[in-house]
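According to Swiss-Prot:
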type: BINDING; residues: ASP491, ASP497; note: Mg(2+) binding site
type: DOMAIN; residues: 559-618; note: domain 'KH'
type: DOMAIN; residues: 628-696; note: domain 'S1 motif'
Amino acid sequence: MFNKVTKTFQYGQHTVTLETGEIARQASGAVLVSIEDTVVLATVVARKDAKPGQDFFPLTVDYVEKTYAAGRIPGGFFKREGRPSEKETLTSRLIDRPIRPLFPEGYLNEVQIIIHVMSVNPEIDPDIAAMIGASAALSVSGIPFAGPLGAARVGYIDGQYILNPTATQLKTSQMDLVVAGTEAAVLMVESEAQQLSEEVMLGAVVFGHDQMKAVIDAIHDLVRDGGKPEVQWAPPAKNEALIARVAHFAEEKLRAAYQTKDKQARTAKLKDAFAEVNAEVAAEATSVGGAAPDTSEVGNILFDLEAKIVRSQILDGEPRIDGRDTRTVRPITIRTGVLPRTHGSALFTRGETQALVIATLGTARDEQKIDALMGEYSDRFMLHYNMPPFATGETGRVGTPKRREIGHGRLAKRALIAALPAPEDFSYSVRLVSEITESNGSSSMASVCGGCLALMDAGVPMQAHVAGIAMGLIKDGGKFAVLSDILGDEDHLGDMDFKVAGTANGITALQMDIKIQGITKEIMQVALAQAKEGRIHILGEMEKAVPSGTTGELSDFAPRLITIKINPEKIRDVIGKGGAVIRALTEETGTQIDISDEGVVTIASVDAAAGQEAKRRIEELTASVEVGKVYEGTVLKLLDFGAIVQVMPGKDGLLHISQIANERVNAVADYLKEGQQVRVKVLETDDRGRLKLSMKAALAEDNPEAAPQE
């Protein structure tokens, strides 16, 4: 009944199993991938033909985590999985990016890839299994696809590269890098690092690419034994006559438009040129009795012509679209403290790209609690990236962040997290929001620069300035050019775009997307060296605006955090019965108080005086009474045989009638009254913490001559 095919191979320290032919047989392709108890099912379905009039490739990738994979039932009223988590969105993008360039040009049939996480080992992140599964499912499906694709995670511990490190190993790794590619070329890199050099980062890319050959070989074997016949598909024939006529009408117009340096003016000229060319081509066709060509077909030809013009100009050494050479970074302006009531803010402008970044400080209660499939955890640093449509002079939907915004926010967060102070040095939780107010390329890297400056403005003691730069690469045969600080137009016309962020000491985040084969290690080396040059220039501009070591003062509107350590056994004294003591403390002082199991008390208050008052009262509550020490006490209650005296809040003891005075005391009321302040010495304390007090002993200590003579 089943034509099940299984392939197993060793991949680093893990055994990987690929299975096809048993599950999801009606999909175009389906592969079950297992890595040490982490199991994913990857399926792909392609439509038999393209929708009429469609002029783009509709590829969708959905990575879906099921809570049953971790042996849990979802929370909430409906007890079902909800909308995609940030992790699911980011992993979907991670799979999409290296796969998309491997479909042939002109293939417009809808393709849907769905990856379900069926079982998860908390030590093995499912993302690598998902990437391998998507590649294998496409390969066995027979769909036109220039794969297979391999994927690997690379760590860096004690100067050694680690292939597919576990979650435990990643905690001590200086790098978390994911690389994907075919047998011939690297196609995608996504990484964060602890300020590592370009050489170490490139070495990790090459190491990962070499190791993933094991994956590619296993998929080839799987296709040989369990693959479906190749789908017969041929790219649509190019209308060479139409291409020639469009080029005849459009080339000069497009070249003229690309002499305009301002983005909005250039966009307007290009729009006019497109309209004129469409009209001229249509008029020529109808004048000879033919039908006007499809406008989308003309548009695609114009796009190809645009790319050819811009690319050839750059490769011939001519100025770029905005007049720069290949290495120059656009003019940078920086302003901090932009918004009066926020905790920190910075306006970072680079050419026609601008980010207004706001920092907000909070307490441990403000940390983001994340119920992840691999285990629940809290995150003290959040970064949210928003790009409204007005940033590009357009109208559009405003609302839930799209995949692109989530991805850009995650990249900026990766870049900054390595330079944040340790929690023990700065116990605040931090939220950064990057509002992109103008965009013409490299907005995620503007978020990195603006984010670092906003954090410094908020008083966060950053380890160093962090800057980011977006780079491009254009290659034609043996000629290539690396572009620093790319524009939006250069982004989609190039063969490789990559973003590098870091400090003067090294890289903290690296993202690469390569659209063609033939990008060698040497080319990547040149590109990374030029990116470093650009990053150092931007760091210099940031240093001028906010010199190192000049972290801003905390805003008057930010909470002040006071941290004290108490004996864990005293925690109950601060909390009180049913939380009565701590509730009264927070209400009376207007502060927020958090106590860890280890006895670390964090007091948060916008009013510094209120925070100090809360600290004083907690210290009183947790202070230990010392035997043999004299205290100023308050008489709380008179008894027939003595009095109850409070020596400090929550600490009272018995002053026996025999210890009130040197002479005989017949009535306690003759010597004491409730509320009276008296000096008492602590004689002893029993195992239940009860105190025995003495006024006589205190008097003798204050005035030895008054002590009774033996």
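In case you wondered, yes, glycine gets a Cβ from its N, Cα and C as well.
From a predicted model like this one, the values you see are computed outputs, not experimental measurements.
The Cβ of ASP491 (Mg(2+) binding site) has 16 neighbouring Cβ atoms from other residues within 10 Å, across all protein chains displayed. Contacts of ASP497 (Mg(2+) binding site) defined by a Cβ separation under 8 A and a same-chain sequence distance of 6+ are given as ALA470, MET471, GLY472, LEU473, ILE486, ASP491, MET512, ASP513, in order along the sequence. Secondary structure by DSSP for the domain 'S1 motif' (628-696): 8 helix, 36 strand, 25 coil. For the domain 'KH' (559-618), the model gives a mean pLDDT of 88.
Look at ASP497 (Mg(2+) binding site): DSSP puts it in a strand.
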